[in-house]
């Protein structure tokens, strides 16, 4: 469907054709087609990079200015970006922000407010998924809305914590607890901040207010000295963008569904899945690195001074070196979409401590993440695999650590490169296996691909899940077990 913005641009071009022949060639749709992308994707990319001139404007003209001007600037620029990308559908975000403000004011710092917020914001998001979902990945208003949903839920919980005795809160909760009562303009500025509205990262209202108050700078009284750190993240993001642009026509998830893929040998199908699984994540890495640069440039990325050096990783969503080198699934999880994972740990996993089971809390947290991503069955399968793989990986690490035979073998220096290669192969093969369901969405598609590789991931990890405890019992001496108990 064409958006209102599309209609306005089309009308303007129609009027200009008589004055400037060939001006229609400047349309975003034709430009996107020439680049081999969709118009929605091009609008998204333009909007993400637009954060840099907006951050520069903020630094030069609004830093240390009145708070209401900064909130207004953030709200209006964010609304403009929403309209540019989604036309009149920008009202979805505006409606949820206004209603969230009313929930805070009318219900106050209560459990009722948290329950209402959680139910309303998640129900609105899931309803959006239900009415707009297709069998493919579409860039629609629900994409930034999932980011907004977490922001508003986190805001409500922090507001609730702000009414408690500080001594009753954990150090982390004290850091994020919101003591003041936010105005509608503050909530709008926080929600629409141009550097994070579309694809994240997540940050707290307290951190945002520090930005507005001019506290997020390594040079008190002056704008932050963050240009070089921002350009470094931008440059790294551009490297991933170029890599993804060059490879995307040749390595696609659609090929997994073709007869040609099915007719190749089993080893080829596995290797293609491995390479695709690594490469498909680059589009997310690109977006997060570019937006992190915007946050750093504005000052939002400032994370204090350590050993005399400023840290700019407050909004880091990627640990690139760890992502590229870790041979473990837990390492990839720790390096990828960091702020969202931290949000879930802070507001879901740790709040479920009363259940008395880390595994149950982790399982429910992953279920929340799956639903937050969408209603497609592929999301549930992907996060189910993540849960299974993490459990098995912990069992394997424990076995190697406690078994004298295996720990001795693992310590052989000459074999380290071989171990690393085997781990990386297993790591990215089954990462690609999990991402297959995530990217193909519907059960008929991911089931077809899983059948083509004989459900290798499920067979491998479910087998290990049941076998490893017996191997541990056989290979770990009784005295080691008794020592551990003591």
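Each position is counted from 1, following the chain as shown.
The backbone N, Cα and C atoms fix where each Cβ goes, and this holds for glycine too.
Residues 28, 31-32, 35, 70, 73, 77, 81, 84-85, 139, 194-195, 198-199, 223-224, 230, 234, 287, 290-291, 293-294, 297-299 of the same chain lie 6+ residues outside the transmembrane segment (41-61) yet bring a C-beta within less than 8 angstroms of a C-beta in it. TrEMBL lists 41-61 (among others) with the feature transmembrane segment.
What TrEMBL records for 68-84 (among others) is transmembrane segment. Beyond the transmembrane segment (68-84), the same-chain residues lying 6 or more positions past its ends with a Cβ under 8 Å from any Cβ of the stretch are 4-5, 43, 46-47, 50, 54, 58, 62, 90, 93-94, 141, 144, 185-186, 188-194, 197-198, 212.
If you look up TrEMBL, you'll see 114-132 (among others) marked as transmembrane segment.
The transmembrane segment annotation in TrEMBL covers 281-302 (among others).
Feature annotation from TrEMBL assigns transmembrane segment to 366-392 (among others). Outside the transmembrane segment (366-392) by six or more residues, the chain places 122, 125-126, 129-130, 133, 142, 146, 149-150, 329-330, 333, 344, 348, 359, 430, 433-435, 437-443, 445-446, 457-458, 461-462, 464-465, 468 with a CB less than 8 A from a CB of the stretch.
The transmembrane segment annotation in TrEMBL covers 404-422 (among others).
Counting same-chain residues at least six beyond the ends of the transmembrane segment (453-472), those with a Cβ under 8 angstroms from any Cβ of the stretch are 266, 269-270, 273, 385, 388-389, 391-392, 395-396, 398-399, 402-403, 430, 433-434. The transmembrane segment annotation in TrEMBL covers 453-472 (among others).
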